[in-house]
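Read through the structure below, which is laid out as structure tokens, and then see the notes.
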Amino acid sequence: STTTVKKFFLVGFTESAMLQYILFTTFLIIYAMTWLGNVTIITTVITDQYLHKPMYFLLGNLAFIDLSESSVTLPKMLRDLLSEVKTISFQGCITQMFFFHFTGGAVAILLIVMALDRYVALHKPLQYLNIMNHNFLLKLVAGAWIGGFVHSVMQVALVIQLPFCGPNFLDNFYCDVPQVIKLACTDSYVVELLMVSNSGLLTILIFIVLIVSYAVILVKIRTHITERKHKAFSTCGAQVAVVGIHFIPCIFVYARPFQKLVVDKAMLCLYTVITPMLNPIIYTLRNTEMKNAINRLF
């Protein structure tokens, strides 16, 4: 009732028409590669009986979330790169924020689940399949989506209670909480603190937990595993790489309130555009079993 703004104007990357066409072509190729890579992983995991294992079930779910996450921002961004005036309605902006944090939260929790899967596989190898049974995996994946939903609702709740009466120029290429709350017609200090505690601090804590977990796992592999040590190292190395490219940009953006840096858009682009494309490449290159399964698929 206190919002008079009907739409936001997105500043985007650049005003140069030539650079916009170059960016459109680049991002279109990246989006196509994102779909190709993640759909290939999903299809391979579903159709190849040798991959009907907990680790690959979780990998298939990660690929699905990556597709969903990139599709929240990239199609609109591609359209805007070909448009002179880049706008998004207030309702559309809130919707985009909701689904962006919904999928982002689900990814963060799913990466914790994947670390748990590797921990159980190495520390309880004889009970692994009994512990990580299908019903338990479904509950873990459902928990990831529910966690993402709760996180997203909390983020959107911070925004919709703010009054927006202008300005309405959003210095970004999509709608996100840190940029939108700065346009509110009120002091946003408390809201930014809440955003940092809900996104920034939580992201840092999850990142630390994951790094410590994988350090424990890698020490276990190095000291106790004799057979298939290289395979175990490759699998965990791929997961550590995915954790890094997911969380480092998030920490940079959401754990640093009250200030704006030139590299913000580059970090956001890395997280929203590049990361969903890199995940299937990392897992495929470092996993012989997955590469063989993809070869069988084709």
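Cβ from N, Cα, C; glycine included.
Here's what TrEMBL has on this protein:
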- 37-283: domain 'G-protein coupled receptors family 1 profile' (DOMAIN)
- 20-43: transmembrane segment (TRANSMEM)
- 55-74: transmembrane segment (TRANSMEM)
- 94-116: transmembrane segment (TRANSMEM)
- 136-160: transmembrane segment (TRANSMEM)
- 201-221: transmembrane segment (TRANSMEM)
- 233-254: transmembrane segment (TRANSMEM)
- 266-285: transmembrane segment (TRANSMEM)
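Note: the stretches the transmembrane segment (55-74) and the transmembrane segment (266-285) are in contact (3+ CB pairs below 8 A, sequence gap of 6 or more). Comparison of 94-116, 201-221, 233-254, 266-285 by number of C-beta pairs under 8 angstroms to the transmembrane segment (20-43) places 266-285 first. Within the chain carrying the transmembrane segment (233-254), a Cβ under 8 angstroms from the stretch's Cβ atoms is held by residues 55, 62, 104, 107-108, 111, 114-115, 118, 178, 195-196, 199-200, 203-204, 206-207, 210-211, 214, 217-218, 221, 264, 267-268, 270-271, 274-275, 278-279, 282-283, 285-288, all 6 or more beyond its ends.
Residues 108, 111-112, 115-116, 118-119, 122-123, 151, 229, 232-233, 236, 239-240, 243, 247-248, 250-251, 254-255 of the same chain lie 6+ residues outside the transmembrane segment (201-221) yet bring a C-beta within less than 8 angstroms of a C-beta in it.
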